[in-house]
């Protein structure tokens, strides 16, 4: 008799064991073992996250172990068991590793391949790959949740999701209670009772800061009305993607030389400053014609689509020099030299527009929904032994689950968006539909996106930490992806011959992104290794760094309501000299909406318990030494980037941390 030792590692999940039984079969290159019963007595030996072993005796050597089959039977009731991995040690001492990281449930048979990454054209078990993908495509079906949106998972509730992509129970409860807990933890309950009443004055907003200790948000509270603080946020706030170099003024922006000459400190005219590259613009054209939130018949709400002209002065500071709240050439242009309340309210309107564009476009569409498209396509088209599946799987963790929860509780009917935001109700669909027109593959390539806005030059626009840190992280990710791609793909031809990777990009292009004009010009075929590297870098960077940059600063920058109103209750002013503090307070969100807003941005800004940050891969999907070494190199580069950012931040009054790798979660999971 020959003995094979099978070591089974269970998970740390809430339900790691089972009351049912599992049949285990070893499949060798020469023959199979008989089924070995793993019953309750076997699983009782487990603690969470522990290892238990069982010996499998056979009469003849099985050869190389190529598969492990797990067949779940049902005893009295259907239970679930989370298996991390199975290792098989042969009679000669050779070790075969079988990554699993799956729930075993529903009397299903699970077939595990060993940990070696295999391209489909090089795999001698094509039928097993085919059956695996057929099964996944039945589970991961596309659905158009709202007309014109990127496609998402075909599931109405979190409980309908495939078990392997659901939240762990602890996290599900945590997410469900986050907003309610936030309201209570921040001491906002008393204000929720006065839902539609206005605040008395700006200082009144301090009442909801009683429980808050946060360096950035406190500084925002103190400096929010300062033009320098206003301008700084276009570079390093929570929505640092709106600023673009302005070489020619829009035809319907009625600003003139005479209006802004007092703000230009180089002695040049506006045209000369434009030509010199010192004028920038934030344009919220996407909100033009969008109907504001009308879900509350007792509160009229308003939106605007402003222009905000920004000036880089001789001290390299970004300052607002003109704001136009309407798109007509006859519209009033508000200036820093205007009455303080006129200028204050004009800036509030810009920040309200900025907040709503951030929520729906920068954050929801361009990180959450796009990452879900990549996730579903990956599950549908890449086998678990595909090296690119192994590369991407940590970066799709919980993404579909959080988006499904968001559709249920955040952006759906009666969600938080309707309660607090000017773009609640039908505006959600209108804004996303407009934003889909400019969602392109190239706009998701970080270097291309900053170049397209004319803000890529460090000398021309210094102190843009979002750009600087983003480029370092992009390059670290790109280098890591390149290392992995070159381990498995020996040539450009091997990319072209990879039917699964081509099906993956085609599923993204023709299914997930089908509502973008020309499918967003997402690639429908990859011809070279470099194209594959760029594509995968987009996927990973979007899910990790880009999401971190626009999500985890929400409480910092949006908590002080006058700095980022979620909605406005009075129409934008059409003339100067008619605004006082009473009008401003009647414009800003009422007590209830401000409280919902604050609770939401607090909840969305929290790291989760057990958060996995960029480059931290506790699940060993890869077992081959060259890839393990590539991961080690990646983590070293990320550590270097973290230290560079830390050293710079020590010299800054207002540190920028959002793209420090040690604060970038691997995936979109909140």
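Each residue, glycine too, has its Cβ placed from N, Cα and C.
As annotated by TrEMBL, Ca(2+) 1 binding site applies to 17, 79.
Sequence-distant contacts (6 or more apart, same chain, Cβ under 8 Å) of residue 39 (Ca(2+) 2 binding site) comprise 21. If you look up TrEMBL, you'll see 39 marked as Ca(2+) 2 binding site.
For 363, 368, 547, 670, the entry in TrEMBL reads Fe cation binding site. Counting every protein chain shown, 23 other Cβ atoms lie within 10 Å of the Cβ of residue 368 (Fe cation binding site).
Per TrEMBL, domain 'PLAT' is recorded for 2-118.
As annotated by TrEMBL, domain 'Lipoxygenase' applies to 115-670.
Annotation comment: TrEMBL describes 103 as site 'Essential for stabilizing binding to COTL1'. Under a cutoff of 8 A between CB atoms, and with a sequence separation of 6+ in the same chain, the neighbours of residue 103 (site 'Essential for stabilizing binding to COTL1') are 80, 81, 82, 83, 163, 164.
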Run through the Cβ atoms and count how many others sit within 10 Å of the one on residue 363 (Fe cation binding site).
-> 22
May I have the list of same-chain residues other than 363, 368, 547, 670 whose Cβ is within 8 Å of the Cβ centroid of the recorded Fe cation site, in sequence order?
-> 364, 367, 371, 402, 550, 551, 604, 668
Does anything in the same chain, at least 6 positions from residue 547 (Fe cation binding site), have a Cβ under 8 Å from its Cβ, and if so what?
-> 363, 367, 368, 371, 665, 668
Taking helix as H, G and I and strand as E and B in DSSP, count the residues of the domain 'PLAT' (2-118) in helix, strand and coil.
-> 4 helix, 62 strand, 51 coil
Provide the number of Cβ atoms within 10 Å of the Cβ of residue 79 (Ca(2+) 1 binding site), excluding the reference atom itself.
-> 18
